[in-house]
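Asks: Got these off TrEMBL a minute ago, pasting:
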- 3-121: domain 'Response regulatory' (DOMAIN)
- D54: 4-aspartylphosphate (MOD_RES)
- 148-213: domain 'HTH luxR-type' (DOMAIN)
Amino acid sequence: MTSVVLVDDQDLVRAGLRALLTRDTGIEVVAEAGDGRSGIEASVRYRPDVVLMDLRMPRMDGIAATRAIRGDERLARTRVVVLTTFDDDADIVEAIRAGASGYLLKNAPADDLRDAVERAGRGEWLLSPSVTQRVMKLVAAGQAAPSPDPRLAFLSAREIDVLTRIGHGDTNEEIAAVLHLSPATARTYVSRILAKMGARDRPELVVIAHRSGLVLD
């Protein structure tokens, strides 16, 4: 069972999300909050697997709340997934920098949202396809030419293959299918790459793959 705290300043949105997430799934909504500060308090109290976080809220916005949750040692196992109507480049970058494990738009299909919460609960990182494309474009716009990361020398040939697929925005399941691996093996490779590269999360690996020229835009 994946435990979730919902943080959104609109009561109707929270009610809709609760109904959607808990319908015939292994997801349990343990608490709700109407602003970032209350979201932090609920997270500390309930220690959820996932916090589903809106961005624009009173008292404290979602970026600041995400940063506080990810920086709290008591919540080391809690992942934050941003769910918002805003797909502004600055918001995406700030959410990733704050430690969000995912960034989804509120118009995402219901099945995608439930899948995203369950994957985040397993410790996976995710971006919606449209957001992944935006991140790739931001990286491409910020670099004159690819500059290989010296840490790539610590990766095996197969790990380079996996990192390349991460750069394309593939999920672990997609990586497994493309590289003819089991899903468990793909997850193991991703964990090893994160450790060897000293990367905090999957979005950071996307940036590394592009800056190193593993993915041609």
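Glycine too: its Cβ is placed from the backbone N, Cα and C atoms.
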Asks: According to DSSP, collapsed to three classes, what secondary structure does the residue listed as '4-aspartylphosphate' have?
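Replies: DSSP assigns the residue listed as '4-aspartylphosphate' to coil.
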Asks: If you draw a 10 Å sphere on the Cβ of D54 (4-aspartylphosphate), how many other Cβ atoms land inside?
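Replies: A count of 27.
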Asks: By DSSP, what is the split of the domain 'HTH luxR-type' (148-213) into helix, strand and coil residues?
Replies: 49 helix, 0 strand, 17 coil
Asks: Averaged over the domain 'HTH luxR-type' (148-213), what pLDDT does the predicted model reach?
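Replies: Over the domain 'HTH luxR-type' (148-213), the predicted model scores a mean pLDDT of 88.
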